[in-house]
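Student: Below are the structure tokens for one structure; questions will follow.
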Amino acid sequence: MWTGNCLDIYLIRHGVTKSNLEKRYLGHTNEPLINHHEEQFTVLKSGLKRIKFHYCFSSDLKRCVQTTKLLIKNAPVCLDTRLRELNFGEWEGKTYNLLKNDAEYRAWLDDMHNLSPPNGEKLTQLQARIDDFFNDLLSLNYQESKNILIVTHGGTIRSCLLKFKITNNLWELPVNHGNGYKVTLIQSKGEWICSSWSVVPIQEKEKS
């Protein structure tokens, strides 16, 4: 049984926006949450209120900042641009139906890691941002176990799940609005590795 320090990291996706409802690509566009959708966080808030978070991080975009304020009260939050969604460039605000006949778009769907939207990012660039963020976070000298809240975006969370080898398929696990994953990290041979994970707020599945 593991007896050392661990980090419980809660990766939470922001709430719903107008573009989300309309199934539009929403990356760096700074769109707020839809009003009167606080009820989507009821179960999540109930689960999180029992947890003392030692560190809270959020993407600097409005939809994440607003979500963070709905979830926790009177706690300092560090806004970090590295936690932003993938930048969809000229495809921001557009839908699949609008783009499906575009040859460049079709090619991108087949190779998101090596191709980017016009004036946007490759998935490898998003992954590099996430790696840089966690390099800083995990370089701290943790003398005891900590709970860490990270409110971010769907693509960003998927990249985190890939990073910690929870999945090797970007699309295998769902990342719904107002939900996410708890990832427990432990140190092994000087490296932080995932020892377990579960769905938040309802723990439907856990891997050890």
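Using N, Cα and C of the backbone, Cβ positions are placed for all residues, glycine too.
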Student: In TrEMBL, the residues R13, H14, G15, V16, T17, K18, S19, N20 are said to bind substrate. Which of R50, R63 is said to bind at that same site?
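Tutor: Looking through R50, R63, the residue TrEMBL assigns to the substrate site is R63.
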Student: Tell me the coarse DSSP state (helix, strand, coil) of G15 (substrate binding site).
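Tutor: In the DSSP reduction, G15 (substrate binding site) maps to coil.
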Student: For T17 (substrate binding site) and E85 (active site, proton donor/acceptor), determine the Cα separation and express it in whole Å.
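Tutor: If we compare the Cα positions of T17 (substrate binding site) and E85 (active site, proton donor/acceptor), the gap is 14 Å.
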Student: Looking only at R13, H14, G15, V16, T17, K18, S19, N20, R63, which the record lists for substrate, tell me the maximum pairwise CA distance in angstrom.
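Tutor: Of all Cα pairs among the recorded substrate binders, the widest measures 15 Å.
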